[in-house]
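**Student:** What follows is a single structure, and I will ask about it in a moment.
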Amino acid sequence: MDRVSRRTQVLSKHLLLLPPPSDHPLGANPCLNYSPPELSEPSDYFDPKAMRALLDSHNLEDRDWLFGVMRQSHLFNPRNAAGRVFVWPDYNQSMQQQREMTMKRIAYLLDRGVFRGWLTEKGVDAEMRKFALYEVIGIYDHSLAVKLGVHFFLWGAAIQFFGTKRHHDKWLRDTESYLIKGCFAMSELGHGSNVRGIETVTTYDRNTGEFVINTPCESAQKYWIGGAANHATHTIVFSQLNINGNNQGVHAFIAQIRDADGNVCSNIRIADCGHKIGLNGVDNGRIWFDNVRIPRENLLNSVADVSPDGQYFSAIKNPDQRFAAFLAPLTCGRVNIAVSAIYSSKISLAIAIRYSLTRRAFSITPNGPEVLLLDYPSHQRRLLPLLAKTYAMNFAANYLKSIFVKRTPDLNKTIHVVSSAFKATLTWHNMRTLQECREACGGQGLKTENRVGQLKGENDVQSTFEGDNNVLMQQVSKALLGEYWAAQKRNKQFKGLGLEHMNRTCPVISSNLTCSTLRSSQFQMDAFCLRERDLLNRFAVEVSQHQKHGKSKEYSLILSYQLAEDLARAFSDRAILQTSIEAEATVRAGPLKDVLGVLRSMYALICLEEDAAFLRYGYLSTENAAAIRKEVTKLCGELRPHALTLVSSFGIPDAFLSPIAFNWI
């Protein structure tokens, strides 16, 4: 057939809508249809409400109330997708628009009494309610949570911790009602984690009874100060205090940086830190002080004070202990960061696992149906160990909150060490979980509306703010070494930081690990304790050897950084496992306890598999390592039927997840 005739025939069939010939090689395929996983997944093995109560542990009604408060307002950007209404911030807005929306949402929540008592009420119940509501806010938007965290948990907590009655009376109620907007000027361009090295200088003018704050050089500019760029009216300034030519170390002062109309005060310069990879609803800024004068009463004086005639005095004579006291507010921040990291992991896992229970890919038989993603063993291996870790770390976060709200001077060291370890471990876990969930959602994970990819940028900052994770873990190892040397020097038993296992006989791991042994909490704890005690001994020996060769204590610790990293991880893993075992012990025998046992075993065995220290130092043989790997695969298969119920137990309303968690088609 010539070309003209062929084209005429094709066009005629198009125009006349003629059917294809009966021998046409292509048949019609049915389109994919979405089927909710609830229709096919078992959900009656254990009670998700009981599991949620165990996970959230407190103030469930307050949490659900706040979820409802946010769903009711257009300020929280409700939108229709997948036949549902979702609420999440509009990250397509400009940086300035995101910042202004953050402030409007704060005003809305303020009007509805969300922040009632956050600074003016005392007691465990008030603190736990504050934690619960703050966690819900973080589920909606990390920028909103961080903005509030700077105002309440840094500025507000600094006044609570460092101030005395005169400061509490003057500042706390106005802070709670947002008549004052506070920020926290600790970090400097030249010194972030090294707070002791900050360069801002404050002197006292006895002629006027005023302190004079000065930024002596560019590296002393206050940097990354949340709230400073646009909204804060006041700040806590951390500065070296110079009295009569003597440097008394770092102290905290209250300084006004803007007037009531938002104008920057005289002798103060503020600049914007600019657009970030996330958290653009927070206005991070830079501050310079040009001999700014503040009243003598603006020194936060619970730790130290200066008399009207310029005499310095402090109840804490040791400069190191005095400096440590000024870092107390950061502990509260670390608690919040650790907890919020777990809720971010929950969001991403709920989305990725729900998606994997309805999304199919490839068939394994000719003309057979395509397979659900979560029915692939490899996909289970990607997500279910992270789910088990999130459960274990949730219990660890609950423990951290419980000791923080019941804090006493005797607990300060424990809270500092545990909060440092958990903040680092839980935020690293969060970033790994977000990345894996993003990949597990394929291209859908890249869409902002599906949250997981966006959460990576929003939460990345957790690894470095309020303590760089690597530095925090070095502090953990240093504290453990201090306990070790103190016990050796006094010839006394270990007490505190969970190190009591050092007083007992060294555990022995069998050369032939069976399934029942691997799932035994006693074996799991023995393995974790063996690793921790051996690494602590090795760390002490290595540091001592460096010192014997003429190195200073500080440099010896630096040279032993690899053992320090291994030890801090061992401490954190063991402490997390302990909280998981204790949570499991509160549940009576039955399906819920059984599932918790599988989750706990998954957490313990995946830690054994992933940490090379178990093989490097010979705690496990290669045969035992292979047995653990096989057992993890079995555990994945056992958790698979409960995956939907386990993520439903997080208690996160559907509106706070994303479209691909539901009708992704």
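Here the Cβ of each residue, glycine as well, is placed from N, Cα and C on the backbone.
Sharing the feature lines straight out of TrEMBL:
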{"type": "DOMAIN", "residues": "183-292", "note": "domain 'Acyl-CoA oxidase/dehydrogenase middle'"}
{"type": "BINDING", "residues": "Gly226", "note": "FAD binding site"}
{"type": "DOMAIN", "residues": "330-481", "note": "domain 'Acyl-CoA oxidase C-alpha1'"}
{"type": "ACT_SITE", "residues": "Glu466", "note": "active site, proton acceptor"}
{"type": "DOMAIN", "residues": "524-657", "note": "domain 'Acyl-CoA oxidase C-terminal'"}
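Are these features on the surface or tucked inside, and what are their neighbours?
**Tutor:** On the 0 to 100 pLDDT scale, the model's mean across the domain 'Acyl-CoA oxidase/dehydrogenase middle' (183-292) is 96.
Sequence-distant neighbours of Gly226 (FAD binding site) (same chain, six or more apart, CB under 8 Å from its CB) are Val146, Lys147, Val150, Leu154, Cys183, Phe184, Val282, Asp283, Asn284, listed in sequence order.
Helix, strand and coil counts under DSSP for the domain 'Acyl-CoA oxidase C-terminal' (524-657) come to 111 helix, 0 strand, 23 coil.
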**Student:** Report the same-chain neighbours of Glu466 (active site, proton acceptor): residues 6+ apart in sequence with Cβ closer than 8 Å to its Cβ, ordered by sequence.
**Tutor:** Leu330, Gly333, Arg334, Ile337, Lys423
**Student:** Summarise the domain 'Acyl-CoA oxidase/dehydrogenase middle' (183-292) as counts of helix, strand and coil residues per DSSP.
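**Tutor:** So the counts come to 6 helix, 54 strand, 50 coil.
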